[in-house]
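Notes to accompany the following structure.
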Amino acid sequence: MRFDIVTIFPEFFGALDVSLLGKARQAGVIEVGLHDLRDFTHDRHRTVDDTPYGGGAGMVMKPEPWGEALDSVVREDSVIVVPSPAGHPFTQREARELSTREHLVFACGRYEGIDQRVIDHYADRNEVREISLGDYVLNGGEVAAMAIIEAVGRLVPGVVGNPASLTEESHEDGLLEYPSYTKPALWRERAVPAVLLSGHHGAVAQWRHEQQLERTRRVRPDLLSPDLLSTDGSGEST
Ligand SMILES: COc1cccc(COC(=O)c2cn[nH]c2)c1
């Protein structure tokens, strides 16, 4: 898989050189291209924004630099991701979907956003996804793009050493994950739930599923649908 990122702050993505994604890049499992939007301007001040038609506060990102920048990286099979407060909510399901695609192009907007004609132009040619990480506003798309790249990148085969660890995570089965414990068995007078020390794998699986349901009911009742309310460990509806 290849990620191309267009931004006015390419240095922001230096973090992609470290940790998991850094190793995956060295292994060639994923490629990352960084592109400075200002390299696609032609005036002395390398201008990327201007005042909004119709008036109002703030500035809008000009269409010309974006057109030249995206033309230089977008392929026929590219999915263009635009992190935006006006996007649809990002989920683990979408992360899984995106992890199966060959080429993701991230358009990191700033200011009040990108001239709408850029989105409309590329939506005629490519899949364009305006994605929100949550109902709050950041100064630009870079932080959101980093989060999406990590959520997607870690699902790409070969990036995470033990793929089994990807299945027992929050949101993988539609529920929040169960609480985890490790040694010591007693810590500040707090013991580990006895069932986890019992060696009885069936009882452990049942307890973990019950914990997932309880935690999801308590913290994220919005995630629960009737078929997820089953109580046996299978996750099948009863
Ligand atoms: C594309 O135009 C803009 C304009 C303003 C900010 C941003 C950055 O994204 C967010 O703020 C965001 C993403 N998910 N939740 C918030 C993009």
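Glycine too: its Cβ is placed from the backbone N, Cα and C atoms.
These figures come from a predicted structure and were not determined experimentally.
TrEMBL lists Gly109, Leu133, Gly134, Asp135, Tyr136, Val137, Leu138 with the feature S-adenosyl-L-methionine binding site. Per TrEMBL, the feature domain 'tRNA methyltransferase TRMD/TRM10-type' maps to 1-224. Positions annotated as region 'Disordered' by TrEMBL: 218-238.
Close to ligand 1, meaning a Cβ under 6 Å from one of its atoms, are these of the binding-site residues Gly109, Asp135, Leu138: Gly109, Leu138. Taking Cβ-Cβ distances under 8 Å and a sequence gap of 6 or more within the same chain, the neighbours of Tyr136 (S-adenosyl-L-methionine binding site) are Pro85. Of the listed binding-site residues, namely Leu133, Val137, the sparsest CB environment within 10 A is found at Val137. Mean predicted confidence for the domain 'tRNA methyltransferase TRMD/TRM10-type' (1-224): the pLDDT average there is 95. The 10 Å shell around the Cβ of Gly109 (S-adenosyl-L-methionine binding site) contains 28 further Cβ atoms across the protein chains shown. Of all the Cβ atoms in the protein chains shown, 11 others lie within 10 Å of the Cβ of Gly134 (S-adenosyl-L-methionine binding site).
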